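Trainee: Below are the C-alpha cells for one structure; questions will follow.
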Amino acid sequence: MSTWMQALQANKIVVQPTMASTFFKLLSLFLLASMVSASDLDIILDFLAFANSIALDGNFFTFIGLHNIYDVDYPPNFKVTRASTVEFPALNGQSVSFASLEYLTGTLNPPHIHSRSVELLIVVDGSLEVGFVDTIGKLYTQALQVVDIFVFPKGLVHYQYNPSPDQPAMAISTFGSANAGTVSIPSTVFVTSIDDDVLAKGFKTDVATIQKIKAGLGAKAKI
C-alpha cells in the first residue's frame, strides 16, 4: 500500500478507487503548477530583515560595493562584483539582484548556469561575444556592442568573452532572483571531488588529460 494511502487511512479517510485516481490527478496538477510558477518566495511583509526593523535606516537598503570599480584599472582577469542577497541582505525576498562584470582583453566568463533566474545583460563599455546552448544542443551566439542587451534564459549554459586585443569591456547583469544560483561548469566538474576515472569515461578521454585540465584550473590532481 502506498504511503499516501496509508496516511489517508490513518486519518480515517476512506478513499475509493475512483476517488483515489481523481485525488492523485489533482495532486499531480497541483505539483506541476507549483513547479511552473516556482521563483523566489513571495513575502507578505514590506521587506525581510534579521535585525529589528525599527532600528533600520536607509543604510540597510544601500549597497556601496561598486564604489571602486569605476575608479581603478581593469583587473588582470575576469572579475564579477555581485549584489545578491549574500552581499546585500536587503534583497532577501525581493526577487532581484545585480552583478558588475569586468573583462580585461582576451578574458572569459567561463560557461556557467544560473539555476534560479534568467539573466539580462547590457554592455556598458567595449564589446563582447556571448552565447548560450539550449536543451537540444543548439548554440546561440551574438556580438554585442555598447548598450546592446542580451538575455540568457534561466538554467541554460552560457558564457561571455572579450576577444579584443586592446579594449577591455564591462557589462551589467540583472537577475529575477535575490540569489541567481550561479554554477560554474569548469569548477563544478573539475575542481570538485568527482573521480578522475568517472570524468575520463564521461568525456571519452584518459585520466592524464583529466588531471591536466584540473591542474590548469588550480585543482589538486588525484594521486
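The backbone N, Cα and C atoms fix where each Cβ goes, and this holds for glycine too.
So TrEMBL has the following annotated:
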DOMAIN    67-211  domain 'Cupin type-1'
BINDING   N109, H114, E119  oxalate binding site
BINDING   H112, H114, E119, H158  Mn(2+) binding site
Trainee: Are there residues of the same chain, six or more positions away from N109 (oxalate binding site), whose CB falls under 8 angstroms from its CB, and which are they?
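Mentor: In sequence order, the residues whose Cβ lies under 8 Å from that of N109 (oxalate binding site) (at least 6 apart) are F78, V80, L101, Y103, Y159, Q160, Y161.
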Trainee: Over all shown protein chains, what is the count of other CB atoms within 10 A of the CB belonging to H114 (oxalate binding site)?
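Mentor: H114 (oxalate binding site): 23 neighbouring Cβ atoms within 10 Å.
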Trainee: Can you work out the mean pLDDT of the predicted model over the domain 'Cupin type-1' (67-211)?
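Mentor: Mean per-residue confidence for the domain 'Cupin type-1' (67-211): 93 out of 100.
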Trainee: From the Cα of H158 (Mn(2+) binding site) across to the Cα of H114 (oxalate binding site), what is the distance in angstrom?
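Mentor: Here the two Cα atoms are 9 Å apart.
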Trainee: Report the residues of the chain - excluding H112, H114, E119, H158 - with C-beta within 8 Å of the mean position of the site's C-beta atoms, for the recorded Mn(2+) site, in sequence order.
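Mentor: After dropping the recorded site residues, what remains is I113, F132, F152, L156, V157, A180, T182.
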Trainee: When you measure from the Cβ of E119 (oxalate binding site), which residues in the chain that are at least 6 apart have a Cβ under 8 Å away?
Mentor: V151, F152, H158, S173, T174, F175, A180
Trainee: List, in sequence order, the residues of the same chain other than N109, H114, E119 whose Cβ lies within 8 Å of the centroid of the Cβ atoms of the recorded oxalate site.
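Mentor: Along the chain, the qualifying residues are A99, H112, I113, L121, F152, H158, Q160, S173, F175, A180, T182.
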Trainee: Looking only at H112, H158, the binding-site residues on record, which one has the least crowded Cβ, with the fewest other Cβ atoms within 10 Å?
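Mentor: Among the binding-site residues H112, H158, the lowest count of other Cβ atoms within 10 Å belongs to H112.
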Trainee: Helix, strand or coil by DSSP: which one applies to H114 (oxalate binding site)?
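Mentor: Strand, per DSSP.
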Trainee: From the DSSP assignment alone, can you count helix, strand and coil residues within the domain 'Cupin type-1' (67-211)?
Mentor: 21 helix, 57 strand, 67 coil
